[in-house]
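Novice: Sharing a structure with you now.
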C-alpha cells in the first residue's frame, strides 16, 4: 500500500512549525582580550562598541571603552581584574556609566561608582543618572546673586563666593586648602544646602579624619562623601569628580542649593595622564594628554545657578589644586584658573608666619562673588582689601626706612590689627553678624589702642558679648543681613560698652 503525501499537507505542517518556533536569537557584541596589564586591556572584536561604553569581562570586572582603534579597542578597568587573561571573553553592555542617586545618599560615604563603603549597608537609590551629563545651557542659567557663606572672615569679606560660582582653592601642600573646604561645609548647617565632598587619590586615613570631623560637627546630616583613595585604580580616581557632580546635580534639579568640593583635581589630572599614556595616546605639555583641559572644563561647567523656571537650584563648585613651590603658572593650575570664576590663593609663607587661614589677598580674586555679597558685609568690607594691600606695601618700605611720619605709623598699626583680626581657628566658622562686627571694629579704629597681641582675645570676647543678647544688633543683622542706621547705632553702643569692660579687665 503506497502512502501518498499531498504537497499542501507538507506546506501546512511546515507553516505550523514555523508559527510555533519561539526561540529567541540573542545578538551579543563580543570580543577577546589580546593584552591586559596596568589597568588597561586591549580587546580584539567589539566592532560595534561605543566610546565610553561599559564592557563586562568574564570575571565580572567592568571596564570602559576608551580607544576605538582600527583593529582593537583600548579599555580601562574599574577594578583589579586579576582573573582577566589573554583570550578572556569581553561583552559590550550597550550602557554608559551611571550611578544611583537620591536622598538615601545623604550622610553616606560612597566610592566612585556610588557603592557604599562606610559599612552601613546598601544604598536604596531613587533613580539613576549618567555620570557624564551635559552642563546646563545659557538659557537654563541665571547670574550668581545669592551668597555662599564660608564662615571664614578673610574669604567672605575680600573674596566672596556666590551660589552657583566656581571658586578655585589653590596653594602648596599643607597650606590649609582642605581646612577651608571643610569649614565651608560646616558653615552650611541650617542653610538647607546639600554638600558633596569628593576625595581623589587621598590616603584612607585622611578621608577618615575628614568624615570624623564632619560627624562631630553634625555636618554629615547634609553631606555625601565620595572617596576614590590612593589605592584605587586610576579609572576610579578619574571618575570620582564626575560622580560627585552627578550626585549634586540630582539635588540641584530638585531646586536645592548644593556645594561640591573636589579635593583635589591635580590628582585627577595625574590619574587621567596615567590612563592616557598607558593607552598610548600622544603626550603633550608636562606629558598630559591634549584633552586634559576638557576633562576639567566639562566637569566645572556643570556648576550653575539655575533659572527660576528650572527651580532656582544651584551647584557651587570649590575645586582644589595643589601647586609645586607656589608655581601657579604650571599647566594644570593655569587651566583651572582660566575655567573658574576666581581663585583663593593660599601662601606657604603666610602659613608659616602664623597667619591662618593663609589667604593671600593680593592675588586672590572672586570674579562674580561681589554681586552675591550680603549688604551688611559689602558696607564694612569695601575698604579692607585696599587697606591690607597698602599695609603690605608700607611694611616692605618700612623695613628700610628709619623715620616714619605719624600717618604712616598709624596705617602700619591699623594694618597689623586688621591682619590679626582676620586670623581664625580651624573648624570654627563665624556667622555674618560676628564677621561684620569684627570688621567694623577694625576699620573704624576701635582696635587702634588695643595691643596687637590682645586683638584675638578682644574679638573673641566681643563675639561672646554680642551673642549673649544684651544688645539687639546680633539678632537684627543675622535675620536681615543688612547694616542699617539702627543696626549700626546698636553696634557702636555694643562696641563702646564692651571696650570699656575689656580695658577695665585687661
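Please read every residue number as a count from 1 along the shown chain.
The backbone N, Cα and C atoms fix where each Cβ goes, and this holds for glycine too.
From Swiss-Prot, here are the annotated features:
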- 171, 172, 173, 174, 175, 176, 177, 178: ATP binding site (BINDING)
- 364: site 'Required for activity' (SITE)
Novice: In the structure shown, which of the binding-site residues 173, 177 has the fewest other Cβ atoms within 10 Å?
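Specialist: Per-residue Cβ counts within 10 Å for the binding-site residues 173, 177 bottom out at 173.
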Novice: Which residue among the recorded positions 174, 175, 178, 364 has the fewest other Cβ atoms within 10 Å of its Cβ, if you could check?
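Specialist: Among the recorded positions 174, 175, 178, 364, the sparsest Cβ neighbourhood within 10 Å belongs to 174.
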Novice: Please report how many Å separate the Cα atom of residue 178 (ATP binding site) from that of residue 364 (site 'Required for activity'), as a whole number.
Specialist: 17
Novice: May I have the list of same-chain residues other than 171, 172, 173, 174, 175, 176, 177, 178 whose Cβ is within 8 Å of the Cβ centroid of the recorded ATP site, in sequence order?
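Specialist: Going along the sequence, the neighbours appear as 322, 346, 348, 351, 358.
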Novice: Quick check on the binding-site residues 171, 176: which one has the highest count of other Cβ atoms within 10 Å of its Cβ?
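Specialist: Compared across 171, 176, the most Cβ atoms within 10 Å surround 171.
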Novice: What does the structure give for the C-alpha distance between residue 364 (site 'Required for activity') and residue 172 (ATP binding site)? Integer Å is fine.
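Specialist: Residue 364 (site 'Required for activity') and residue 172 (ATP binding site) have their Cα atoms 14 Å apart.
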Novice: Specify the secondary structure state of residue 172 (ATP binding site) as given by DSSP, simplified to three classes.
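Specialist: Assignment for residue 172 (ATP binding site) reads coil.
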Novice: Name the residues of the same chain, 6+ apart in sequence, whose Cβ is under 8 Å from the Cβ of residue 172 (ATP binding site)?
Specialist: 322, 323, 324, 325, 326, 346, 348
